[in-house]
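Have a look at the structure below, then the notes.
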Ligand SMILES: [Fe+2]
């Protein structure tokens with residue numbers, strides 16, 4: 001009994017790369033061709049409309065199952081001068097979705113931090129994005145030389161002329177980024193969360209009250225960690241960022257307002 005060919009249009013395969021892979025398919029793939037023709041399986045007699053509904057439900061399930069949310073969360077910050085390591089939520093809390101972060105150029109993944117050496121998704125990201133350089137950093141008073149100075153410089157608002165890529169392998173920390181209106185968004189990253197801050201975005205980093213993060217740093221070619229403290233709006237990297245993400249967003253709102 002031959003299985004239904006894999007080109008069967010009723011086989012639904014959905015791949016999702018946000019940290020998990022989910023594959024759905026109709027049970028027809030397990031049926032012999034003869035049974036398939038007889039349409040004994042209710043899925044096979046489903047109309048195209050029904051299949052569309054099934055696909056929509058699957059997409060909704062995938063969105064709900066977005067594994068990134070377990071390890072990366074973002075919200076607008078309050079204006080308090082309290083300890084920078086506190087969450088600094090607004091009242092009421094104002095969360096920011098990962099899609100909103102993507103609109104700022106901030107990319108995110110959830111990866112398998114306990115199996116870094118064999119993680120095919122990490123390898124693929126590195127290959128696709130050209131991240132040839134990799135090292136590990138631990139930020140805590142005991143492990144980081146010149147801890148006090150470093151933690152201060154990390155929290156100075158700055159930009160880089162290249163992407164800042166951080167993959168949290170242990171502990172946690174906050175990456176703060178400016179939105180289109182110059183408001184601070186706090187991005188909390190835990191073990192398994194990987195983020196890319198685009199070149200030219202103003203940002204800063206701080207530990208949270210756990211006081212520890214272990215992170216993989218990735219880079220295209222030889223790493224350049226130079227921070228350019230705000231203001232450095234004249235740098236080409238900043239101009240390109242503004243053009244690609246800030247002005248584009250302003251243009252969208254202008255069109256909407258017409
Ligand atoms: Fe930075």
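Keep in mind that glycine also has a Cβ here, set from the backbone N, Cα and C atoms.
A TrEMBL annotation is a machine prediction, not a hand-curated record.
Values in this document were obtained by computation on a predicted structure and should not be read as measured data.
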Recorded Fe(2+) site member, picked from 180, 203, that accompanies 158, 160, 164 in TrEMBL: 203
Remaining residues near the recorded Fe(2+) site, that is with C-beta within 8 Å of the centroid of the site residues 158, 160, 164, 203: 159, 197, 201, 202, 204, 227
Surrounding CB atoms that lie within 10 Å of the CB of residue 164 (Ni(2+) binding site), all protein chains: 22
DSSP three-state assignment for residue 164 (Ni(2+) binding site): strand
